[in-house]
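Chemist: The structure's right below; bear with me while I get my questions together.
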């Protein structure tokens, strides 16, 4: 049924005609997410008619069908103006039972009405900055969190819980003030941690939770993880007190469980991704819960520590490395978590090094060539995205105990140069972190070839032919002067800039490097002091 015909039916004021028209329109457009521009004005007219009645109040028997029509129209981004007034948003909040102030529309406990209203609000908040502002001003997050807090005591339909959480996610993703309000005023981390515990089936009695999460629980858990990520992204900074640390460690144990279980359907990797993203927001000292599981018969044990979680994160990393797009979002969070675990815990670092950087045997292949995990990570070290190459290089550097020679050995100087330059370690240096002395066992193959390995490429290379063979001394001098002239021209035209190494290990212009070196020599020479 066309929107013009529905609008004309609504204008008749005849109840049966109106409801039949709306019912027909809803059935025809239930799966419509794109709309014909030619009918845009008709849809706006219909939206205005629906909103005017919505704000005045609907009879209980008409609410679901009426709200379904509003939901369909709210998908059209060009038709949102009638729905984004303070009065219409207040009416929808009342029907969703999340209004903090009493409106002219009576609250409804009908879960079908609540669900349709929540869907309408989600559409509006997603697409309209005005609706986002009005929802924040109306403090919808307050009543939403109140209802979320009742999930343990009362039974709510899955869809209502899901869209409660989805609306929370949208509000916290799009409004900084709502993020802060949920984090600070409403104690959102504790509330949502309890809700996640309930959703995962973790019981206070310590009974083992299910290892396969059903599909509905998976959907809700992912929304909870996304909201928690939003509110902790910028809020957890520096040191936390003992009470907060205990809360984050408890959350960490739940996230540890998340990365160890599978989900119904094909959403396991997506679910693990949200858990890993949130792990990256936790205070660093709370990540120790990833290594506190007691070893058991089927666990991966290393140096007396259960490495099941670290192994699961490595498997997840390998899956993400197969992706060719959005690598920053795919691999940066898990690499950051693994890096911090390796930095703080020697058993984790040694286990990861054994898996990622096993003793070198193949010394004739460049480090970035191949399908081993080491090869894939070294390739990332020269990725166009600076964040991707930074986290990949940082991870491998920590696995090498921040030893520059060891890092170059496994990656090649050419690949390592970016991180070394950023840290002022181009000329070598000592690591910043506190690392115990780890032995780096060289294989016989590496020992035999070590003297022939090109440190820049990280592999044994055939000696190239001498390009000056057969030239006279005059010809060699002529070619050398041509080269000097070419470099001088490139330098004068600022195509290239000659670089040198400063005494502090940083790359700098050659002129500045020479000046800095001379200044240091003069300052250290006792004969240079004034008389």
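Glycine is treated like the rest: Cβ placed from N, Cα and C.
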Chemist: Write down the residue from 32, 85, 523 that Swiss-Prot flags as phosphoserine.
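Modeler: Residue annotated phosphoserine in Swiss-Prot: 523.
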Chemist: Whole-number Å only: compute the distance from the Cα of residue 502 (phosphoserine) to the Cα of residue 443 (phosphothreonine).
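Modeler: The separation of the Cα atoms works out to 35 Å.
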Chemist: Just checking, which of 443, 502 (modified residues) has the fewest C-beta atoms within 10 Å of its C-beta?
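Modeler: Sparsest of the modified residues 443, 502 by Cβ contacts within 10 Å: 443.
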